[in-house]
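Some features that Swiss-Prot has for this protein:
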ACT_SITE  Glu138  active site
DISULFID  Cys90-Cys233  disulfide bond
DISULFID  Cys110-Cys130  disulfide bond
DOMAIN    46-234  domain 'Peptidase M12A'
CARBOHYD  Asn87  N-linked glycosylation site
CARBOHYD  Asn253  N-linked glycosylation site
CARBOHYD  Asn269  N-linked glycosylation site
CARBOHYD  Asn283  N-linked glycosylation site
CARBOHYD  Asn304  N-linked glycosylation site
SIGNAL    1-24  signal peptide
Amino acid sequence: MNYFITFFFMHIAVLNFYFRFSNGNKIVMRVGGSPETKRLERSKRQALRMDNEPRWPRGTINYFFDEQRFDENSRATVLRAMEKISNHTCIKFSPKDARIKLRIVSDKGCQAAIGRVGGDQQYLSFPTSCYSVGSASELIHVIGFLHSHQRADRDEYLKLNLQPWRLNDWFQTMQYKKYLDQWWIVPYDYGSIMQYHDSDNEYGPKNSKYFRTMGSQIPSYFDYLMINEYYQCSCEGEEQINCKNRGYPNPGNCSECNCPLESSEEWKNITLNLDAGYMSLQNGTKLHQIDFVFRYLSISAPANKTIEVDIREITGVECNYGCYIGGIEVKTHEDRRMTSPRLCCKNDNEIYKSRNNPTIVMAFNSEGLDKYNIFYRFTD
C-alpha cells in the first residue's frame, strides 16, 4: 500500500566516537576519558591535535567583537552559532572581560586558529561571506578541531584529486599522521559541518551517494559529541537519565538528551506548511535565514519489513553543494547517529530503502517555501 505525503517547509539541525591511530611516536591527545566510555561504542573516530594543550580553560571562551574591524551584519550569525554549540555541549561563550579573549573581526576570509593557541588575545575572522549558522565550523576550529579532510583516515572515505596549487598549501593537505599516536573521538561522517564540499572535484566521497551531503551547514550529532568527549563534558547522575536512540545526557542542559533524531512521533498522511522567509541586513539586502527550520516525518512499518521512500516532487529547493540552503534526508544509515545521504537536486532522486523502524525523514530549510511530495511503502 502506498502512502502519499506532502511536505511544505524551510530548514535547520545537528553529532561522535573513539579509536586510536598509532604511527609510532609520543604525542598523545587523550580525549574524554577511557576507551570504555559508554558513549563510544565503535571503532573509528575523529581526532584533533595542534598544541600540547589546545583546550580553553574550563571550557569557557571569553570573546569580544572588535568594533573597528567587525561587520555588524554578521553579529547575529556568530551569536546564533555560539548558542547552538553551548546548547549541546559544556562549552560556554562569555562576553565578560577576561585575561584571555577571542577577538572577532571581519577580515578577508573565514579564518580561525585551532584550539587555544596562547597569548592574551586570539583572532577569529568572520566576514559576511561566512554568513549562516555554518559559522559554527569556525568556532569548532577555535574549540580545537581541524577539517574532516585532514583526518588521518581520510583516504578511506575520500578520493583526493588536489590541484597543483593546493599541493603547496600545507594546512589544507596535512593529515593527522604528522602528529602521530593520537586518540580518535568520532567516526568519519560525511555530514559533519567540518567536511568540505567537493565543488572543485578535489575531495570526492568514495560513497557517491554523499556528494550533496558534504559541505553541510548543520552541525551533526558527532560534531557535538566530539566536543563533549574532548572537553570531558558530562552530567552528574547521567545513568539515571533515559536517553533513546543511542543518545546521551546533554551537558548543555542535563535535563535533556543529545539524540541523533529530533523526533519520534509517527506521522502519516499529513501536510506540513512552513515558510522560512528571508533575513534582511542593515543595508536592505535579503539573504537566507541564519539558521534552519526543521520538519520530521516518522514512518513505522510492520515487523521485518523494509521501508521504501520515494520523493517524487521537489519544488522551491535550491540545488547546491552541501544542500546549504535546504534539503531532505531519509535516515537510512544503520547507525542512526550518522548522517545519511541528503537530497536537494531533482535529478539525484532515488528510492531510499531502510531497515530502520521507524525511519525518520528530516526536511530542513533556511529560505522561502519548499515543497516535497513523498510516497512510501513497506516491502519484504
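Even glycines carry a Cβ here, placed using N, Cα and C.
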Per DSSP, to which secondary structure element type does Asn253 (N-linked glycosylation site) belong, with helix, strand and coil as the options?
strand
Across the domain 'Peptidase M12A' (46-234) the predicted model averages a pLDDT of 83
From Asn87, Cys110, Cys130, Asn304, the recorded positions whose CA lies within 10 Å of that of Asn253 (N-linked glycosylation site)
Asn87
Which of the recorded positions Cys90, Cys110, Cys130, Glu138 has its Cα closest in space to the Cα of Asn304 (N-linked glycosylation site)?
Cys90
Cα distance, Cys233 (disulfide bond) to Asn87 (N-linked glycosylation site), nearest Å?
12
According to DSSP, which kind of secondary structure is Asn304 (N-linked glycosylation site) found in, if we only use helix, strand and coil?
coil
Work out the three-state DSSP category of Cys233 (disulfide bond).
coil
For Asn253 (N-linked glycosylation site), the number of other Cβ atoms found within 10 Å of its own Cβ
13
Taking the Cβ of Asn304 (N-linked glycosylation site) as the centre, count every other Cβ atom within 10 Å, in any protein chain shown.
9
Using Cys110 (disulfide bond) as the reference point, find which of the recorded positions Cys90, Glu138, Cys233 has the shortest Cα-to-Cα distance to it.
Glu138
Rounded to the nearest angstrom, how far is the Cα of Glu138 (active site) from the Cα of Cys233 (disulfide bond)?
20
